[in-house]
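One structure is given below, encoded as structure tokens.
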Amino acid sequence: MSVIVDIRGREVLDSRGNPTVEAEVVLESGVVATALVPSGASTGETEAVELRDGDKNRFKGKGVLKAVDNINTKIADLLIGENALDQVRIDRLMLELDGTENKSNLGANAILAVSLAVARAAAMELDIPLYRYLGGTNAKVLPVPLMNVINGGAHADNNLDFQEFMIVPVFGGRFKEALRCGVEIFHTLKTVLKDKGYSTNVGDEGGFAPALNSTKEALDILMDAIKKAGYEPGEDVLLAIDAASTEFYDKERKVYRFEGEELTADDMIVLYEEIEGTYPIISIEDGLAEDDIEGWKKLTKALGDKIQLVGDDLFTTNPKLIKKGIEEGIANSVLVKLNQIGSLTETLDAIELAKVASYTNVISHRSGETEDTFIADLAVATNAGQIKTGSASRTDRIAKYNQLLRIEEELGEDAVFKGKEAYSKFIR
């Protein structure tokens, strides 16, 4: 009854109004499951290829009819008759059919949509929650949310070079209490920004994008909002930054164009040490450019035992790159984005590889999201302990938080929320 009898692809829209792919998988039992894939704004050079049509007369070239057609023809022909319960085989068949290193033939968006829809169909067929199907009986850890409340860089039209300033609520002993803490700070932040005369329009990920002029100003405003919301920085709430530094790195001259200056990797490391010493920063993502491997080695040596150093563009959820990074001793954490690698099996391989090496995992959304909540289940399934899924506004972000609330309720007394303990290897 778990045999796949039909697969359909369709072109739908993401949270930025750009086309994306939805896949629908039908099983012999009558189960119908769908999955939608997201899209990023700042992308690593080694990410799997998101197949776009390039027809400037449709959606300014961003249509995905080619990827949809690949689902409706090549992938459907390949997988109809296969068992949805054999996820590894399903994904392997698609990867073999594609035949490229970066999935440029079928498109990572086509492969991933089908991969996720098959997993969801299998869970429905077995009548168990998706997180339980993916993670087994020990899937029970609710993630600490890293909430992007101030946007800069490629996510905003302001003077902030760093892309994301996040609050990390570790308060309350339960996910729902930590989320409440984060939401209350978000609303307080809005008031703080208004009182200072700043705009409170929200960006792609639901955070504010005020015309702030420096990293220090952004962090000071966050500290103020945390205190005014009634919480203690460093105890109830930690801070995190996504520098997305590849975006302001001059590859030729090997300098970072940051806040009007040209800085070396050593200068950036000094900057991070100063920030970490002044504010309750627990995590820095993409602190240096994906090509600056020597810089990454120095950064890891300087701060790797004090804070979480997350590789996003550095690793692009690619097991081969993660393995190489582990061998070189760079970073200590992996940002996990399903569409960077383009299949569920490879994503789970990446997560496991990081765990074995004692690297932390942060499950992540993309800036162009959908209403699909797969990453919420993935976070619990893998006991990752952390999730990045935006601020406390925009339905595409809130959908993931709401799914996590449901999962925590369903798990009842078995649910685990580690809070500050999620960072025990860094907090002495």
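The backbone N, Cα and C atoms fix where each Cβ goes, and this holds for glycine too.
Glu205 (active site, proton donor) falls within neither a helix nor a strand when secondary structure is assigned with DSSP, and so counts as coil. The active site, proton donor feature in Swiss-Prot is assigned to Glu205.
Summarising the annotation, Swiss-Prot assigns active site, proton acceptor to Lys337 and lists sequence analysis as the type of evidence. Around Lys337 (active site, proton acceptor), the same-chain residues at least 6 positions away in sequence with a Cβ under 8 Å from its Cβ are Gly40, Asp312, Thr316, Thr317, Ser364, His365, Arg366. Look at Lys337 (active site, proton acceptor): DSSP puts it in coil.
The annotation (2R)-2-phosphoglycerate binding site is assigned in Swiss-Prot to Gln163, Lys337, Arg366, Ser367, Lys388 on the grounds of sequence analysis.
Annotated Mg(2+) binding site per Swiss-Prot: Asp242, Glu285, Asp312, in sequence order. In sequence order, Glu164, Ala240, Ile241, Asp242, Ala243, Ala244, Val310, Gly311, Asp312, Leu335, Val362 are the residues of the chain that are 6 or more apart from Glu285 (Mg(2+) binding site) and have a CB within less than 8 Å of its CB.
Considering only the binding-site residues Gln163, Ser367, Lys388, the residue whose Cα is spatially closest to the Cα of Glu205 (active site, proton donor) is Ser367. Residue environment of Asp312 (Mg(2+) binding site) contains 29 other Cβ atoms, counted within 10 Å of its Cβ in all protein chains. With respect to Cβ neighbours within 10 Å, the binding-site residues Gln163, Ser367 differ, and Ser367 shows the lowest count. Cβ proximity to the Mg(2+) site centre (mean Cβ of Asp242, Glu285, Asp312, cutoff 8 Å) flags the following additional same-chain residues: Gln163, Glu164, Ala243, Ala244, Ile284, Asp286, Val310, Asp313, Leu335.
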